[in-house]
């Protein structure tokens, strides 16, 4: 330790006396950054200067390096000036801390501490030090610790507690010198600190790393592992240094003081039970651990580190050194001291003392258990009242009103004191003025303190109220001075008995001894821009009564600095705050769209516009990434407009939901607000600042002419036009500015939409006051107002494209409708768009608009010419007449709102009006919904909801009465019989409904008083009447349909008419057939006025019921047929009944419905053997089972061109495989490839080895998930096997597949692929399957793969017959189970033979035996392999042997040594 890079070995220079160690560390790190490195002479001169500076009366804590630089004499030897310059540049990165709370009065002794209560926890003050600065010349590669290095570091920190300034100074220099990795730092922590400190440090470091990873670290890749792992790489210097800073910062947050707490020294006795030791630790932590500190990691760490040696060995042996506490207790519960028995020591609870409790004065309990609060230690130092603490003193809570600020006073309300340090990088909740960058051009705005703007016409003087605790509060004018370390107050504010001390002060006039005194009494200062008072523990007193200065000690509690704005700007201008959310917070890659070339005229205009924007401060030069093209557009008056194409940025931006529902309805402006004024903001978007991090998304390039040089890059500083979230952001900012004005003038109204503002007031005087306040607020926030566009009554008021008159509204521009039949599509589309804009004031129904909308449909080319029919031309005439009457009334607040809803075939028209008014308030049009049926009740309910929503949103009222054109009978029938969801809505609003009745023809003259030529609205009546009971005198009509045919039967005691007919092409559907059958039936029953209709189609049944209750025809594919139903059912009385089909009931309704269904049925003919073979390519035996003779089947096979070739599945020898003893005993699985039409299919095949039944599925991959899916489908098809046998492919040996087999209790084994002995069955099955697939695709090349595979499985499993048992695979798979043959049954008397044998599964070449077979069967023999067990041996491992002759007996010449194979 003590070694510095590029320097000889020398001890670390010691700090001068009186300077804190962490401040000295800052000076050392700044000195080590000098190039070349510092010398001993530099350190000597630095210590000499600091010693002189520490002796000055003005203390430098918190230290101010700028003040030190000002005290440095010119020509001072050494490089002290360079060191201070480095510190001044680095100090801006460290946030200052608030002043400590005022200490209690020293005149009173602290209360006696209670021995039963642990001392309170005091959190150490974190040292204020600069970040680790790696000096120049540091080695590029990291050097790991050596043991001598660790010993040297430990020797220097042996007398310092972890987190103390001396400890942090040594550790920081060690980190600076060795540049350690994360593992090196962990080794250093374990070597230096106890396990408790290491555990707490590890926990704090984890939380810091989590915050840093969330915030984002340069060079950190989340996919490469956690930060600890990446910081271990010596090549990752950036990440390593980030980890070093976090590791050092974790020491500053360690709980506890410099000494170890009392509970850290609790050790387990040599004979103490482990559970008693843990209990003592738990109680000590509960009493002494600071609040908020987690107890569990500390308890686990101490439970191991402070245990005795024997318990530590037990915990190490079981691996429970840092396990949960329960595991540690179980590991040590059986431990007892050597040569001693287990003793349970029970300590009795100590009785409470006889003395009374000092809190409540009562005896019988401990003071720590008392519920009363702790009494104050003595009289309050502020008011000398002994009944409360100083923190509860009423003098700290001002009761007198605060002084009113003057017009030019400060406007900011700084935050109050808080017990924890604030993060000043965010400005303490304040907003900086726009000229802050001009005042401090070299500072980063994120690191500047909040500012206090002052009046440039006056000195920085403010009014303050001072309370010296010895006299009444007084108001004085004080000078704000950031150069004064302490606040100075005149002696006139203090009483004569105030204790004052002599002091010397060094100021601008030199040093003085008797001018100022020092007082230690707390002083309360109330400032106009602060809601809570400032408490100063001491201040200077001017004995000559000349000065009142607010110094840095007071301003530091305000967390602000002074700022004097330029003389050009008003003194109280505050900018609009930058938006908190822009829609680009996810920071995608900025767009890089190349700038397209411009002609010389446009390029010159663009350069002129850019120069004007640069002078206005809207843009600035830029060199970063991102680009969007720009171009100028020439306006009608000859000037140019700057256009920035931000479509690429808009595509990356998240839409912000706007709180504005749209432009306000000006008809809601009451007639009582007759005095109006408009305010138009100029370049409103250019007043919202744009954060720096979003500039790449709004950058552009101005090219040079003919590409003579690189273009000039710029980026927006403010919110540009063309950004899709700009209107929403500006609306939110403007609404925030206008909200105080709205609250100050409740009798007036302010309408705001985008950058247009309308002021409405009941009197001219109120309008002037409202206008003045609004203008002042807008100007104070930097929003320029266009004076030439301001309008005021009396006079014409044009706002949002409308002209506001005293009692009505008109549109500024009403379109002119030319009457002609030929239109270009863009012309008609533009005309209808203009008509739609003024439709709220146009007295017309929906029909003329719908007629012209239909003319725009079915056109795909924008250049098409549209030819209108006579009815559409007539619609143009009606619209021109209606536009001539375009006018709307303004709201009369004394009259109720009325509504009229007219339902027509083309849509709904809703009118909101007031009685006795010449014009309505608004006309609303809505098209029919996109459904096949539009019930009148549903349309009425939707119109009512739309009407209520609009009137509440625009007028704040509901319509008192709603007129509609549905007849009363139809309306009541819909309410009583319909189950539509709109019925509850209509019932809820039924008290407001009123039927127009006979007044429909006179609607316009009776209610609206309009002269517009509008057609009368007819009352709506249903097409036919629905009878609730069956009609005895009417015939019965049955109809039905299928996808290909339709039929009906007309019956009246006998079948009068019946017919079945096919559907006409090209569209064929069951609904179309059912509708067509009903239409033919109605056509045949046209002569009857009454009719009973029986339908088994729910679609037609509900359609007819809705038609009977009243409906309009909507959009449907069956619209031409549905339009015929009203004509055929007109004025009929119909009984409608739904029939359930295929019930086979004996009643006549079911019988006639079944007879109708029979007319649709086409008989199904069985396939002939030749057709069956052409479809499936099944075998000869399958054809004979389907009725063909053997000769016919043979001829069919010979005539099939696909079956004449050889089958590839027979090319593999049959071999011998292990087969199952019953179905679903053993399966074999494999994946085979089948390529067709450039698509490679993976066929997952499973074969039952007993029956040969196959299950196959086609997949596109060979993954484990596909293999699992195919096995599950096979189990659903064939059943669950006991064993499965596959090859060792990756899909079958994966962990997922094995886990699935284990969960299903299936045993999985593997075999050698392409081996006739082990995998022959599944390989042959693959060949059979692919042969059939090739045949199918040869016959039908377009056959889907799923269909071909299904036909092949049907053919193999259900049609083809096995030659050995004359059954199909499916029959064999589902055949009855045979009784198992036990191996222990009595042996037969059949003659057995002697065999040599080899045991299965062994590779031995030596034959064993001979042994006499106990039993022989097909394929194996039961051989006694030992004295106590026998085993079935297959024939391939047996060799026939002669019977051994008895001892001494002759050999039998007939016996031969034979070898058998199965």
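FYI, residue positions are counted from 1 along the chain as it appears here.
Using N, Cα and C of the backbone, Cβ positions are placed for all residues, glycine too.
Binding site for Mg(2+) 2 per Swiss-Prot: 1040, 1096, 1157, plus 1074 from the candidate set 1074, 1192.
Between the listed ranges 93-144, 145-196, Swiss-Prot ties the annotation region 'Disordered' to 93-144.
Your range for zinc finger, going by Swiss-Prot and the list 324-341, 378-395, 396-413, 414-431, is 378-395. In Swiss-Prot, the zinc finger annotation falls on 355-372 of the listed ranges 355-372, 445-462, 463-480. In the record from Swiss-Prot, residues 755, 756 bind Mg(2+) 1; the candidate from 680, 766, 812 listed for the same site is 680. For the ranges 1342-1392, 1393-1443, the feature annotated in Swiss-Prot as DNA-binding region maps to 1393-1443. In the three-state DSSP scheme, residue 481 (active site, for protease activity) is classed as coil. Sequence-distant neighbours of residue 481 (active site, for protease activity): residues of the same chain at least 6 apart with a C-beta under 8 Å from its C-beta are 460, 549, 550, 551. The zinc finger (355-372): residue composition by secondary structure is 3 helix, 0 strand, 15 coil, according to DSSP.
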